[in-house]
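Q: Quick one: structure below, then a few questions.
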Ligand SMILES: *Cc1c(COP(=O)(O)O)cnc(C)c1O
């Protein structure tokens, strides 16, 4: 049992109230309450140090830094230290992961290789209201194959009056529609509701029905424990700036299961996917690295790789997912308990139809096994100004969560740097924010 009042890692730089615009606070020099690691994780001192080192190598060695590097991270091999750490985080082997590109780019690359619709098997199954970038990617991929997104994309919706998906409903659709589904592609943890889908059983069912199964791990990586290899996931894509803390727009990653490594997958090739032994001989014909790294296209940005290496080093030092998850379950459970004590809390099943009373509910599942760090608060009455007013109040009070239209504020205690005090403070400020909204 760890002390929830002390951060798991003291390596993080927490912004101060003045700098985040917390104008209601008189203690501008104090740290803000940052509960937004689901959107952009905080900077670690290790990331800052590694990036500074790269800038220095660039300044002092120029192009020589590609092959000769004082910190033993020559830029031609700068992802070598990343891959084993990513593999451990994702439950994969090193050849199954590649540090590259951005999430949406990687999603398109993976769909290009793995989404091969036929006359009879052409559908993509996903959750309703997936992250917009994913929706656009799915629709444009369908169009690129001459398909109508309206018939090619199959979405699973919550039942009437519910906010999250039931595993049984997802499995049932795969059972019924499986023969027409080419690709099952959900997010591991849903960005809006915070629901962690039962990834292993969904993957198993999809495979049993002959579908390819991929995952978008934007909100799952660094948040919940994953065993992509053992779960027999075909491919996955992720960004690293949320729970992995690599910095805004940080370099992303993908996973391709080992069983595909012997199968020559069509790919949009680039020189960085070519075997290292002959890459710089510049041969005219592409000879891919075996495994996920054969999908690499461009030489990676050494600055963003350095930031990611710093972030992963901190996670490794903190004990990787077992430690992070243990603490995450405790912190999120504590925040939930505090929020439910509010006079404004309404259980999700008791939301009045045409209510006018100000309040909030939590739409994220209650079972820890069906969620990660994030709690999604839905403000009432629905479609009112409550969410806006409360979010603005939180921000001005130095409590950083984030809002998602129409009515949701997401709060995510990140196990690496948040504490029980952060949760207590956020719950307190939320209460005064709701009183403020009620009296407005
Ligand atoms: C954050 C997020 C993205 C962001 O995509 P980028 O390509 O990194 O800009 C995409 N999909 C999901 C599900 C996300 O949560």
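Just so you know, glycine gets a Cβ as well, placed from its N, Cα and C.
Please treat TrEMBL annotations as automatic predictions, because they have not gone through curation.
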Q: Do you know which of 115, 241 TrEMBL groups with 103, 104, 131, 132, 133, 134, 187, 216, 219, 271, 299 in the pyridoxal 5'-phosphate site?
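A: Among 115, 241, only 241 appears alongside 103, 104, 131, 132, 133, 134, 187, 216, 219, 271, 299 as pyridoxal 5'-phosphate-binding in TrEMBL.
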Q: Going by a 10 angstroms cut-off between Cβ atoms, which of the binding-site residues 133, 187 has the sparsest surroundings?
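A: Selected from the binding-site residues 133, 187 on minimum Cβ neighbours within 10 Å: 133.
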Q: To the nearest Å, how far is the Cα of residue 242 (N6-(pyridoxal phosphate)lysine) from the Cα of residue 103 (pyridoxal 5'-phosphate binding site)?
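A: That comes out at 12 Å between the alpha carbons.
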Q: Considering all pairs of residues in 103, 104, 131, 132, 133, 134, 187, 216, 219, 241, 271, 299, annotated in the record as contacting pyridoxal 5'-phosphate, what is the maximal C-alpha distance expressed in whole angstrom?
A: 31
Q: Please identify, from the binding-site residues 131, 271, the residue with the sparsest Cβ neighbourhood, meaning fewest other Cβ atoms within 10 angstroms.
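A: Among the binding-site residues 131, 271, the lowest count of other Cβ atoms within 10 Å belongs to 271.
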Q: Give the helix, strand or coil assignment DSSP yields for residue 187 (pyridoxal 5'-phosphate binding site).
A: strand
